[in-house]
Amino acid sequence: MAASKPVEPQSGSGLPRWQLALLVGTPIVLGVGAVYLWNRSRGKEKQGKRNGERKTPEGSASPVQGQHGATNPELENMSPLDRAQSAKNKGNKYFKAGKYEQAIQCYTEAISLCPKEQKGDLSTFYQNRAAAYEQQYHIQNLKWTEVIQDCSQAVELNPCYVKALFRRAKALEKLGNKKECLEDVTAVCILEVFQNQQSMLLADKVLKQLGKEKAKEKYKNREPLMPSPQFIKSYFSSFTDDIISQPLQKGEKKDEDKDKEGEASEYCFLSSGYLKAKQYMEEENYDKIISECTKEIESGGRYTAKALLLRATFYLLIGNATAAQPDLDRVINMDDASVKLRANALIKRGSMYMQQQQPQLSTQDFNMAAEIDPRNADVYHHRGQLKILLDQVEEAVGDFDECIKLRPDSALAQAQKCFALYRQAYTGNNPSQVQKAMDGFEDVIRRFPKCAEGYALYAQALTDQQQFGKADEMYDKCIELEPDNATTYVHKGLLQLQWKQDLEMGLELISKAIEIDNKCDFAYETMGTIEVQRGNLDMAIDMFNKAINLAKSEMEMAHLYSLCDAAYAQTEVAKKYGLKPPTL
């Protein structure tokens with residue numbers, strides 16, 4: 001699949017894909033990363049210790065005279081603010097001793113004594129009392145609403161009060177109020193110049209949760225959408241033993257010259273939904289394929305097994321895995337279906353499982369496919385891709401080698417093997433192996449000059465190595481070979497940003513991608529991310545929403561919702577507090 005979005009080993013619960021790494025030169029985290037990490041990379045240097053969260057309230061906790069603090073004569077001579085500070089200091093002492101109820105009483109006294117015009121001090125007292133309420137979960141059921149109320153008072157008095165905002169964000173999360181939690185933690189991230197890992201992690205966590213919740217609801221009610229012809233052709237080009245993607249055979253085509261059995265052939269074509277579906281495939285009339293396959297299946301025709309597999313394949317292409325799985329299951333369990341057909345169904349179901357983050361089921365399907373059809377090159381090619389996602393590079397290379405052994409002309413397997421070796425060497429900081437992998441890419445594009453994927457993967461490796469000019473040449477070669485492949489233009493556009501900081505050229509190329517393929521979700525996602533970084537949040541949200549409507553899986557949709565919600569949270573923070581992150 002030429003110039004496709006590259007993949008990266010899966011880690012934690014993140015999606016198995018690179019994010020828009022070219023913008024900052026390093027892979028970035030899911031959700032908060034693509035929208036926030038650029039700001040972090042442009043932020044100020046850390047000032048003091050930022051990564052730890054203070055557990056203690058603000059202000060000194062100097063010993064107070066006597067059991068009850070200052071003596072009565074001393075109190076009489078103190079100003080209201082000094083008396084409030086004295087009560088606060090006593091509260092801090094109780095707080096550090098773990099006596100939170102007494103601390104709360106002292107902070108309450110400080111609040112009542114403090115002059116209203118002393119907003120900074122009053123804000124601190126409210127925040128300290130919230131901290132004491134927060135600690136009470138150790139000894140009783142905590143009423144998070146009290147934490148939120150006090151933090152809100154503190155923020156009203158001091159809108160840029162990081163500790164109060166972050167404490168309120170945590171309390172809001174506990175109550176399940178993710179939207180307001182995200183707004184607070186976004187404000188914190190901006191105020192801390194994206195330097196505090198703790199607030200970044202909370203933002204990322206909430207974004208993922210929101211993304212999953214919204215995607216779960218949206219995806220099941222989405223309108224299935226056929227991808228572009230280029231996407232479909234790229235998908236089928238990744239298979240060499242896929243019976244259903246092969247051209248119609250002699251006697252199957254409707255417009256063939258009739259021989260003595262011509263009339264019978266014509267009748268066969270007209271009565272076969274599967275053969276009509278195949279004809280529509282050759283004509284790139286993809287919208288009619290599922291319905292014709294359904295006719296074949298319902299009639300119990302001779303091509304039922306092939307029709308099931310073809311229908312399942314197009315269900316997968318439109319992002320309807322729920323409809324695809326029963327068809328794949330049925331083909332896999334058909335004893336009278338050909339081995340090639342069953343193996344292909346296993347490959348596609350295994351890929352579907354991986355997309356759903358079920359690697360164990362995915363591995364089982366690929367292994368079963370290898371058992372029933374050990375000389376099927378597609379099994380090893382696609383299992384190799386699975387192994388890369390699972391960070392099992394050596395096993396992936398072994399699978400690619402087996403694929404190449406069976407199909408020496410498999411340019412895709414050759415290119416992806418080089419990329420796997422390159423990523424292993426690059427992440428392992430092994431310069432000699434990196435160079436060996438780069439030499440391997442040169443060999444691949446020399447032996448397979450028509451394989452756009454080889455140039456695309458080589459370009460990504462060259463970009464890692466800061467060889468921007470040569471990477472640009474590789475993308476130009478991709479465009480020459482596949483002028484209708486929108487993702488190449490996106491990658492080339494991102495390269496202009498990293499290489500020359502040429503925003504105008506980058507946006508022009510990404511706009512060109514959308515012009516070529518208005519169903520390219522990757523282009524909308526990238527454009528949205530750039531617009532966030534330019535400060536055009538409304539435009540970014542529009543781009544992310546367009547990408548959401550084109551998402552091909554629930555997981556991808558969840559990721560896009562995370563980006564959209566991050567942008568929306570920044571608009572709310574800008575309205576409430578006038579806070580904006582650095583822009584391009």
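Every residue gets a Cβ built from N, Cα and C, even glycine.
If you check TrEMBL, you get these features:
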- 20-39: transmembrane segment (TRANSMEM)
- 41-81: region 'Disordered' (REGION)
- 42-57: compositional bias 'Basic and acidic residues' (COMPBIAS)
- 84-117: repeat 'TPR' (REPEAT)
- 343-376: repeat 'TPR' (REPEAT)
- 377-410: repeat 'TPR' (REPEAT)
- 452-485: repeat 'TPR' (REPEAT)
- 521-554: repeat 'TPR' (REPEAT)
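Residues 1-4, 6, 22, 228-230, 234, 411-412, 414-416, 418-419, 422, 426, 434, 437-438, 441-442, 444-445, 491-492, 495, 498-500, 516-517 of the same chain, all 6+ positions outside the repeat 'TPR' (452-485), place their C-beta atoms under 8 angstroms from a C-beta of that stretch. According to DSSP, the repeat 'TPR' (521-554) comprises 29 helix, 0 strand, 5 coil. Long-range neighbours of the repeat 'TPR' (343-376) within the same chain, counting only residues 6 or more positions beyond its ends whose Cβ lies under 8 Å from a Cβ of the stretch, are 10, 13, 16, 239, 241-244, 309, 312-313, 316, 321, 324-325, 328-329, 331-332, 382-383, 386, 389-390, 406, 553-555.
Summarising model confidence by region, the repeat 'TPR' (343-376) averages a pLDDT of 97.
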